Amino acid sequence: ASFAEAPPGNPKAGEKIFKTKCNQCHTVDKGAGHKQGPNLNGLFGRQSGTTAGYSYSAANKNMAVNWEEKTLYDYLLNPKKYIPGTKMVFPGLKKPQDRADLIAYLKQSTA
């Protein structure tokens with residue numbers, strides 16, 4: 001199912017998902033350093049593999065994904081299938097509602 005068919009996202013629910021599943025490796029705080037994964041501030045509209053100061057895999061740089069709701073929705077289903085060779089070890093969020101909620105939170109928190 002594509003993002004066009006996704007349920008409406010709830011940013012509050014997405015924040016809980018971020019804190020339990022993403023926060024260990026990522027931050028959304030402007031000006032914060034990178035963790036194991038890159039800082040996600042300014043994520044929307046950015047190309048994959050381009051955050052200054054973070055060492056990305058060649059796969060992530062070469063894929064040149066433009067991060068928007070649609071691409072994140074597909075990526076978060078199965079990151080290793082979407083970008084083979086990515087360093088992200090997260091297996092993905094299988095439930096469409098979880099992905100929609102997380103994207104709604106990221107849209108708010110990374111702007």
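Each Cβ is built from the backbone N, Cα and C atoms, and glycine gets one as well.
Shown in sequence order, C25, G37, P79, K80 are the residues of the chain, 6+ apart in sequence, with a C-beta less than 8 angstroms from the C-beta of M88 (heme c binding site). As annotated by Swiss-Prot, heme c binding site applies to C22, C25, H26, M88.
Around A1 (N-acetylalanine), the same-chain residues six or more apart in sequence whose CB sits under 8 Å from its CB are P96, listed in sequence order. Residues or ranges marked as N-acetylalanine by Swiss-Prot: A1.
Every protein chain shown contributes to the tally, and the Cβ of K80 (N6,N6,N6-trimethyllysine) ends up with 15 other Cβ atoms within 10 Å. The annotation N6,N6,N6-trimethyllysine is assigned in Swiss-Prot to K80 (among others).
Neighbour count (other Cβ atoms within 10 Å of the Cβ, all protein chains): 10 for K94 (N6,N6,N6-trimethyllysine). Swiss-Prot lists K94 (among others) with the feature N6,N6,N6-trimethyllysine, giving experimental evidence as the kind of evidence.
Comparing local CB density within 10 A for the binding-site residues C22, C25, the maximum falls on C22. Mapped onto three states, the DSSP output places C25 (heme c binding site) in coil. With respect to their backbone Cα atoms, H26 (heme c binding site) and K94 (N6,N6,N6-trimethyllysine) stand 20 Å from each other. Taken residue by residue with DSSP, K80 (N6,N6,N6-trimethyllysine) is part of a helix.
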